[in-house]
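Asks: The signal peptide annotation in TrEMBL covers 1-22. According to TrEMBL, the feature domain 'EMI' maps to 40-93. What TrEMBL lists as domain 'FAS1' is 97-229, 233-364, 367-491, 495-630.
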Amino acid sequence: MKLFFIAAFALFVLSMFDKADSSAYDKIVAHSRIRARKEGPNVCALQQVMGTKKYFSTCRNWYNKSICGRKATVLYECCPGYMKLEGMHGCPAVAPIDDVYGTLGVVKATSTQRYSEISKLRPEIEGSGSYTFFAPSNEAWDSLDDTMKNALVSNVNVELYNALHYHMSKRRLLTKDLKNGMTVPSMNLDLDLYINHYPNGVVTVNCARIIHGNQVATNGVVHVIDRVISAVGNTIQDVIENDDELSTLSDVAQSAGVLEKLGQPGQYTLFAPTNKAFEGLGQEVLERLRGDKGALKALVNFHLLDSVQCSEAIMSGTSYETMEGSNVIIGCDGESLTVNGIKMVLKKDIVTTNGVIHLIDKVLMPDSAKQVMELVGDSQSTFRDMVAQLGLSSAMRPKAEYTLLAPHNDAFSDEVMSKDQRLLRILLENHILKNKVVLGELYNGQHLETIGGKLLRVFIYRTAVCIENSCLIRGSKEGINGALHITKTLLKPSEKTIYEILMENGRFKIFLSLMEAAEMTDLLKQEGDFTLFAPSDEAFAGLTQSDLTLLKSDITALRTILLYHFNKGIFIGGGLENGVTNLFKSLQGNNIKVIFVSGARPAITHIQQHSFSCLIRKWSCVLQWISSSLAVPDVTKFTRVVQSKPTFTKLTIEGIEEPSITEITRLVQGMCLLR
């Protein structure tokens, strides 16, 4: 019995999708049936923000339990075409079919029904033929502007009759027939109706939403819509050229070479800033933009979408690509439209022959129309303020290009901020490059020159891009005259060799003595690209003096062990992937396995999170501290006792084969020249 029920239910679901015929609207209705199946046959579940319109809900809205950021209530109603019977569960009866005029009463569009009668349209929609009637709801007529309503009612035989004819088409069109972007000739002089059918199931006619669709009549079909629509004859270009409130936009679009495109056929959405919105930019910024056609074109295109987005189709924040190439988030908050989370839409849904216009009270500024210092965000505000205070921003030439390597605010500790102004200026100069370098132009081994004359090295890893000791984080931007990259920490171009760093630190005496015994100290001073995993004195805590003497007694074996701590290439700590094993090829030939776990002790090797970098002209290296010695290569064997942290208790040298490496002469760009 249970299996039979499951099979029956599956067939029911499949039948619903078959009927939907790939229509987003009908699929949403089918889903609403499934959600309401406990309420009985042919019941649909709807969501509604109280006081607003009802929606057949998408999965996203259903599980979020909200529409346009407002809590939604679930309502249960008979699905289109069905009705209740007294004493019976659900909606078991098929609604009686009538002609179009009678069907207007069935769907409670009584105002449209009444206006059809007084305009002498009734005989037509009661007679033979096949019609689609997009019938305004009673609430739609009530919200119509009084002036327009009076104009229609005062001339019922012409104006009202023609207005109603504009809501009709001479063929039956179900929602599955209403395709996105199509035009349908109306019965009023064949003036077009503009259809949009969105993936979330919303269907609009001239941006009026179908709120009750597919009520089939003997001579057609009725779709109830949420507003009275009027004939459309203007393009987007026509609207902005003839609206006094959009004169600045018209001038800007003309100067940018975009205005003519807005007069051509297409499917556009324009977020049109008013004159007052442009005044908010300030005269200086506006003049700068007018002087740069590329920036001006980017600005206009940033307000333009290559699709029609009616306000009724927007029920949650969605990212849309603009004609400029960047994305904006279009959403809603109650009855208001939002752009990038901000309520700025003054007037919605000005329908044109090639799209729709929404008036906004702010100018949207894309990164591509900004000066480089304008790219700096709130999370880098300390850097921006310091650059201004130290006079570096005013020193930037207006027509020159720069790249900012802006550290996150957290990088500016009290210790950094207490430095001398001269030292701070030098520090910040290391974060400003002389040229514009976007993220896609960075490559491994690249040298970038700062305005202070320093050369910074670039390191590219599988999941990270690093410059010197700091890796970039998400948020790179490109402006008119420069680029911005955000770093985790302050950049510290090193001026010391590995040898100098180890000597000054004082915690690597044993390692340095072993390097000296192996006659490899020069390796720490020569030019090259490599990473050293340097054992601190703590790593040798388990070895006695006699063990160290034994190590030093065989130079060949000692060199093999020490070379196992060197890796060809530079690996910044931020370039290591968390939670996985990072394999490095040591100069000894075997792999080094490194597990980098932030805030935890790795199972194989522990690498302190901070690293030192060194730079002497062509010298390139990075020094990582390790607090426990690396596992030794195959040519030697360490016998150790595993305690709370691994320490060596005994070292024995076992049958070492004669290695082919007998002497290291020098290291050039990461390659050992051996003989």
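Note: Cβ is positioned from N, Cα and C throughout, glycine not excepted.
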Asks: Pull the DSSP breakdown for the domain 'EMI' (40-93) and write it out as helix, strand, coil residue counts.
Replies: 6 helix, 22 strand, 26 coil
Asks: Note the mean pLDDT of the domain 'FAS1' (97-229), expressed as a whole number.
Replies: 94
Asks: Using DSSP, tally how many residues of the domain 'FAS1' (367-491) sit in helix, strand and coil.
Replies: 42 helix, 36 strand, 47 coil
